[in-house]
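One structure is given here, and the rest of the page talks about it.
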Amino acid sequence: MIRQIILSFFLFSSVLTDNECPYGYRFYPETAICYHLSEDLYDFDGSVSYCQRKGGRLVSLIQGERNGIAREPKTTNGDCVTFKGVGSSVGLQTSQCYQQQYAFCKIVPNLCNGGVQNGSFGSIQSPQYPQQYYNKLMCLYYIYAPEGFSINIYFPQINTERYYDFVEIYEKNSTLYPDRIVGLSGNISNYEYRSNGSFLLVVFRTNYVITDIGFYAAWNVERIQPPIVSNTTTSGELISPNYPNDYDTFDNQIYYIKVIEEARINVTIDDFLTQETFDFLEIFDSMNQTASKRIERLSGNSVAPWNWLSTSNIVSLKFVSDGSYQYKGWHLMWNMVDRK
Ligand SMILES: *[C@@H]1O[C@H](CO)[C@@H](O)[C@H](O)[C@H]1NC(C)=O
Ligand SMILES: *[C@@H]1O[C@H](CO)[C@@H](O)[C@H](O)[C@H]1NC(C)=O
Ligand SMILES: *[C@@H]1O[C@H](CO)[C@@H](O)[C@H](O)[C@H]1NC(C)=O
Ligand SMILES: *[C@@H]1O[C@H](CO)[C@@H](O)[C@H](O)[C@H]1NC(C)=O
Ligand SMILES: *[C@@H]1O[C@H](CO)[C@@H](O)[C@H](O)[C@H]1NC(C)=O
Ligand SMILES: *[C@@H]1O[C@H](CO)[C@@H](O)[C@H](O)[C@H]1NC(C)=O
Ligand SMILES: *[C@@H]1O[C@H](CO)[C@@H](O)[C@H](O)[C@H]1NC(C)=O
């Protein structure tokens, strides 16, 4: 009878399938733990060894705990008990150690899909994405770029329980609050982070209640290249890295052209060859490289000759290449033009 009550409670509460658990165990989302109830009766010592044989550990319960299995027990309160008997249809009460009871076993499953990634690009996602993630997670995603490269990570969409479940970013192997660069929770779109160094740690931390779909993120490495500044003359030339030889993989080179405030900048590209779409030069009519200030995104083999006159006295450029197909790149000339 005890078994019936516990088992029915158990079946009704476990709505998920049990991919998370070994055979014979049921997953209980509220605690994120797998449980198993024996067919036969055992005393306390018998229950302990039964659960060991089933690959798990005996559950022991705190008297009066909500639903019996909402939390882990403390060793106070007569923990040497298989079950604590049945007082009502939802509760479990104390019984003696020698009493024969059904053994109630548990396994804490590893629900995380984190680990170490390296190479030039990759992706990470929360467990089960785009289905609901689990409660009580602490998943670590380590990303290592080669020396001389940084990591750019992009989250198109994050959905977590606001204020309680977090996607966190660190630049060292630490999960301590002072080392945290950012903690993201709630509904967030288009979040991008570029590391200073060659290492990123993403941590996904969830609390014991309420889930959402979590996150997906794509990352790639970028060469650490200091910006090139052209600001001391009235005309000049800029080139892609190594021009006229092939540019590198994973370039991310920023350029600034700056003239006196009363002037504008005449930009001419007389040679241009990059991998169509994937390797490109962006031109901004500002120091700020925001979408609203972007004039053009140039790529392929039919760009040159290209000419443009800025409205601002600062033009900035960004050259980006990916991991495949390098070409000679581009050559650009500029000159200062007085405002009429
Ligand atoms: C990258 O990861 C692979 C497999 O995880 C490992 O064998 C290799 O040593 C790693 N390389 C570096 C540079 O960390
Ligand atoms: C992170 O640091 C811990 C010790 O704090 C160490 O056990 C672990 O191997 C480190 N992980 C990586 C990926 O560097
Ligand atoms: C956040 O997104 C979830 C869908 O994942 C939606 O149900 C919820 O209403 C959104 N919350 C807010 C505050 O926009
Ligand atoms: C990254 O570099 C910027 C600019 O130098 C600095 O303000 C920031 O604190 C650095 N962040 C980390 C995590 O090192
Ligand atoms: C040119 O740029 C350099 C580097 O950003 C800066 O230190 C210098 O002050 C600038 N000179 C002028 C004239 O703007
Ligand atoms: C802009 O540069 C091109 C190429 O050097 C030149 O032919 C043109 O006259 C320049 N325009 C202005 C307004 O300086
Ligand atoms: C560039 O962006 C910063 C912050 O987004 C803003 O404060 C600044 O005014 C912008 N500068 C220009 C020239 O648009």
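Glycine is treated like the rest: Cβ placed from N, Cα and C.
Where the annotation comes from TrEMBL, it is an automatic prediction and has not been curated.
Taken verbatim from TrEMBL:
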type	residues	note
SIGNAL	1-17	signal peptide
DOMAIN	112-222	domain 'CUB'
DISULFID	Cys112-Cys139	disulfide bond
DOMAIN	225-337	domain 'CUB'
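Across the domain 'CUB' (112-222), DSSP helix (H, G, I), strand (E, B) and coil residues number 3 helix, 60 strand, 48 coil.
Cys139 (disulfide bond) is surrounded by 22 other CB atoms, counting those within 10 A of its CB over all protein chains shown. Mean pLDDT across the domain 'CUB' (225-337) comes to 96 in this model.
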